[in-house]
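*Asks:* My questions will all concern the structure given below.
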Amino acid sequence: MVTWVFTPVTTEITSLDTENIDEILNNADVALVNFYADWCRFSQMLHPIFEEASDVIKEEFPNENQVVFARVDCDQHSDIAQRYRISKYPTLKLFRNGMMMKREYRGQRSVKALADYIRQQKSNPIQEIRDLAEITTLDRSKRNIIGYFEQKDSDNYRVFERVANILHDDCAFLSAFGDVSKPERYSGDNIIYKPPGHSAPDMVYLGAMTNFDVTYNWIQDKCVPLVREITFENGEELTEEGLPFLILFHMKEDTESLEIFQNEVARQLISEKGTINFLHADCDKFRHPLLHIQKTPADCPVIAIDSFRHMYVFGDFKDVLIPGKLKQFVFDLHSGKLHREFHHGPDPTDIAPGEQAQDVASSPPESSFQKLAPSEYRYTLLRDRDEL
């Protein structure tokens, strides 16, 4: 009697190095890359799961460059780890045609979760409009990008589709073609941005539609606001960016305070975009950080800075309208003045003539949002921050 044993075909994970990384990632529609270290126990636990997820996905997307599961040994290739700013093991980063996506994979480390994540990345991010009347039923709480094209098989649409694949987490993308889109194509194919709410006017893209960089930059500017909302879902991602937080705590229905804050950040702090994250948070959901600075939702709106070591409270919210006041608050963080004054009282330069300087001991509230950072129970962390 002969017993046949079926052994599933397994796919080998592609190992990336300085010689092959650009070619492999550039030719892959979607690539999920595991940045790991052999000595890291979390990396060791992920290896068999990552391999099995690759096998599952390979059966669904058999073409070589549709989906690539790859890995980088960061001890052997520290130059690659530095290039992609790897700060913890394991780190799972997603690439599309060689372009690294801003959001890495932070979900459950299981075969099903990884496979579902890739299936989602391979799904069409653009909803096709069959009737222009559908525009009136759009969810106006979202940022909507609508492309009107003569035909789908065109360079214009391919660029739009490529941008949508990258930014679909930040905006809702829709498209219309042929006779359906004709009333909106009076001057040729075009792209419209519909901001959240019903009061703000639509904005029309005026750049070259076949130029990916110009199109991407315009749409990204509309999809990723200067002042972003922090939630428990994106908190880890935002803390890992490594920039201090300037946060407005406000009640969800208090859109007026949010609009004032957004306008003042744009007016006073646009030059600080790369040095601090501008955020807003729901007072009810983030009661704990408020209590940390001796505030409650009843005190909202409240503005504060979290430097990942301490939290500092801005004065009266109404003072945000004083020209330069918010900007000075941020400058005082960068100069170390906020930190010094918490420990030693007012700077000598702030003391009136004839008044004697005194050391005033204080205990500044510790960072609250640091607790949302990547956990040592899930990652091997490579370095600690040294914020003000």
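Here the Cβ of each residue, glycine as well, is placed from N, Cα and C on the backbone.
When I checked TrEMBL for this same protein, it listed these features:
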COMPBIAS  359-369  compositional bias 'Polar residues'
DOMAIN    1-123  domain 'Thioredoxin'
REGION    342-369  region 'Disordered'
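Help me understand the surroundings of these features in the structure.
*Replies:* Per-residue pLDDT, averaged over the domain 'Thioredoxin' (1-123), rounds to 91.
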*Asks:* Can you break down the domain 'Thioredoxin' (1-123) into helix, strand and coil residue counts using DSSP?
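*Replies:* Counting residues per DSSP class in the domain 'Thioredoxin' (1-123), I get 44 helix, 27 strand, 52 coil.
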